[in-house]
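Reviewing the structure listed below.
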Amino acid sequence: EHEDTSLLLLPLFEGQNYGAAAAGGTQCPPVAVSRNNAAKRDCLVVAVLCFGNLINFIDWFIVPGILLDIQKYFGLSDGKTGLLQTVFTLCYMLAAPIFGYLGDRYNRKLILGAGICFWSGVTLGSSFITESHYRIFVLSRGLVGIGSASYSTIAPTIIADLFEEGKRTTVLSIFYIFIPVGSGCGYMLAAGMAKSTGDWHWAFRVTPCMGGVALLLLILLVPHKIQRRTAAHRALSISGMIGRADEKPDVHRTANTTWCQDVGSLVKNCSFVCSSLGLTAMAFVTGALGMWMPLFLYRAQVVQGLVPPCLQDSCNSSNSLIFGGITIGTGILGIIAGAEAARRLRKINNKADPLICATSMFISSLCLYIALMVAQTNILSTFIFIAFGELFLSVNWAVVTDILLYVVAPRRQSTAIALQILVSHLLGDAGSPYLIGLISNTIQARNMPSLQWSFWSMQYSFVTCAFVGVLGGGFFLLTSFYVEGDRREAQR
C-alpha cells in the first residue's frame, strides 16, 4: 500500500556524507545507493538514536533508584529529597522549547552530540559531590535535565525525516518503547552498582561511559545533514491509525493566524483541553510513583519487620531492582496493548480513544489505592497491584497523542503539542515528587518520630496520586462527549 521507503531515500543519500567525513566537510562522489544499503543505513541511524534514548532515560531514574542512600548521605527530609526530581523536570521542561527552536534552524547532529557530552559530563561530575554540597548536587540534576531535553526534542525529528508515513510510526514506536525500558534500567543500574560497590556514587559513573560510546556512534553513523521531508513540523502518532490529511500534498498547512489566535482556538477546543488535563494527571501520578515508590516499599518492609532500618553506608536496594523490572515489563506491554486496543475498538466506536484512557485511569487508580492499603500487611500483594497500576497507566501513552492529532487542525498541531507538553510537565511530574515529599514532611512533623509514622506519612501522601488519577479519568470521560464534534471541526 505504501511506497517502499528505501526507494524514496535514494536521492537523499546521493552525495550525502556520513559520520566524521561529513563533519570535516569532505565531499564523497555521488553514488547510486541500493535499496538494501539505504534501508540498512536507516536502521543503523535508528539503532544509534534508540541507544541514546536508553541512556537518556537511565539518567532520569538513577536518583530514584538509590533515593534512600542519597537521602541518608545528605541528611535530607522527604521534601528536600523530592526537590531533586522537581528541579530536573523543570529544567527539562523549560529547555525543551529552546532546543526545538535550535533544532529547526541549526545542525541537529551537532546539537545532539553537544547534549550527550554535556549531560554525561555533568552526571560524572555529580558522582564526586560531597555531603556538604547538596545545593550543587541539586544544580547538577537541573543541568542534566537541560542536556536530556536536547536529545528528547531533536532525536524523534531525525527519525521523522528518514521515514515515510507507513514505516515512520512503527519506528517511532520502537524509539518510544525505550522510555520505559530506560526508566526501569535506571532503577536497576543504580541499585545494582550501589549494591556491588557499596558506594552509591558509582551509579553515576556508568552512563557517562555509555554516553561516550553513543557519541562515537553518532559521529560515525548518523548523517551530518538530513534533508527534511516537509517544511512544517509533523505531529506523530504512535498507534498509526488516525486520519493523515496533514501528510497529503494538497492540504495547506501554513498557518495564516497569529500564535495568540491559535491558542485562543485551542482553549475553545473542549477535547484538547480535557485530554490535556487527563494527560497532566497521568504525568502527576507517573512522576510521583517514579520518584517515591522504591522508598515507600522499603518503609513498608521495615514496618513489617522484613528488613532492618538502613544504618550502614549502603542501604537495601532490592526494591529498586524489582520496581525497575516492573517498569520495563508494564511499560512495553502497556504501550503495545494500548495501541492495539485503540486500533480494534476504533472500528466499532468513534469515542473509543478517550473511553480507553478513562477506563485505564480508573483501573490504575484503584490498583494503586489497593496497593497502598495492603502495603503494611502483604508486600507481595503490593507489588502485584503496583504492577497492574503501572500497566493500565502505560496503556494511555499510546492513545492520548492520537486524540490530539485528530481533534486539532493540522496548522495548529505544533502549537497544540507544545502547549500540552508544557502544561502536563508544569502541573504534572514537575511538582508531584516535591508535593508528595512535602505532604509527608508535614504529617511527620505533627506526630512523634517513628518508623511507623515514617511509613504512614508516605502512605497518606500517595493517596493524593490515587485521587488525581480518578480526576484524570474524569477528564478523559469528558473528552468522549466532545471528541466527535471536534474531530469533524478539525477535518474542515
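We number each residue from 1, going along the chain as drawn.
Every residue gets a Cβ built from N, Cα and C, even glycine.
Positions annotated as domain 'Major facilitator superfamily (MFS) profile' by TrEMBL: 45-484. On the 0 to 100 pLDDT scale, the domain 'Major facilitator superfamily (MFS) profile' (45-484) averages 84 in the predicted structure.
Among the features that TrEMBL reports, transmembrane segment is placed at 43-63 (among others). A Cβ distance under 8 Å defines the sequence-distant neighbours of the transmembrane segment (43-63), meaning residues of its chain 6+ beyond its ends; these are 70, 84-85, 88, 112, 116, 119, 123, 141, 144, 148, 151-152, 155, 158-159, 162, 171, 174-175, 178-179, 181-187, 189-190, 203-204, 207, 210-211, 213-214, 217-218, 221-223, 290-291, 324.
Taken from TrEMBL, the feature transmembrane segment covers 83-103 (among others). Counting residues 6+ beyond its ends, the transmembrane segment (83-103) has Cβ neighbours under 8 Å at 60, 63-64, 70, 111, 115, 137-139, 141-146, 148-150, 152-154, 157, 287, 290-291, 418, 421-422, 425-426, 429-431, 433-434, 437 in the same chain.
Proximity of distant same-chain residues to the transmembrane segment (110-130), defined by a Cβ-Cβ separation under 8 Å and at least 6 residues beyond the stretch ends, is recorded for 52, 55-56, 59, 62, 99, 102-103, 136-137, 140-141, 143-144, 146-151, 154-155, 158, 201-205, 207-208, 211-212, 214-215, 218-219, 222. Feature annotation from TrEMBL assigns transmembrane segment to 110-130 (among others).
Positions annotated as transmembrane segment by TrEMBL: 136-159 (among others).
The transmembrane segment annotation in TrEMBL covers 171-190 (among others).
Annotated transmembrane segment per TrEMBL: 202-222 (among others), in sequence order.
For 277-300 (among others), the entry in TrEMBL reads transmembrane segment. Beyond the ends of the transmembrane segment (277-300), by six or more residues, the same chain brings 61, 63-65, 67-68, 71, 82, 85, 89, 183, 187, 307, 310, 315-316, 319-320, 322-323, 327, 357-358, 361, 364-365, 368, 375-376, 379, 382-383, 386, 389-390, 393, 396-397, 400, 420, 423-425, 427-433, 435-437, 451, 454-455, 458-459, 461-462, 464-465, 468-469, 471-473, 475-476, 479 to within a C-beta distance below 8 angstroms of the stretch.
Residues or ranges marked as transmembrane segment by TrEMBL: 320-342 (among others).
Annotated transmembrane segment per TrEMBL: 354-376 (among others), in sequence order.
Under the heading transmembrane segment, TrEMBL lists 382-409 (among others).
According to TrEMBL, the feature transmembrane segment maps to 416-440 (among others). If one looks beyond the transmembrane segment (416-440) by at least 6 residues along the same chain, the residues whose Cβ comes under 8 Å of a Cβ in the stretch are 77-86, 89-90, 92-93, 96-97, 100, 235, 263, 266, 272, 276-277, 279-288, 290-292, 404, 408, 457-458, 460-462, 464-465.
Residues or ranges marked as transmembrane segment in TrEMBL: 460-483 (among others). Cβ atoms under 8 Å from those of the transmembrane segment (460-483) belong to residues 270-271, 274-275, 277-282, 284-285, 288-289, 292, 296, 350-351, 353-355, 357-362, 364-366, 368-369, 372, 393, 396, 403, 407, 432, 435-437, 439-440, 443 of the same chain, restricted to positions at least 6 beyond its ends.
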Top Cβ-contact partner of the transmembrane segment (202-222) among 136-159, 171-190, 320-342, 354-376, 382-409 (pairs under 8 Å): 171-190
Same-chain residue ranges lying at least 6 outside the transmembrane segment (320-342) that approach it to Cβ under 8 Å: 61, 64-66, 173, 176-177, 179-181, 183-188, 190-192, 238-241, 290, 293-294, 297, 352-353, 356, 360, 383, 386-387, 390-399, 402
Residues of the same chain, at least six outside the transmembrane segment (171-190), with any C-beta under 8 angstroms of its C-beta? 46, 49-50, 53-66, 155-156, 159-160, 162-163, 200, 203, 206-207, 236, 238, 240, 290, 294, 317, 320-321, 323-332, 334-335, 339, 394, 397-398
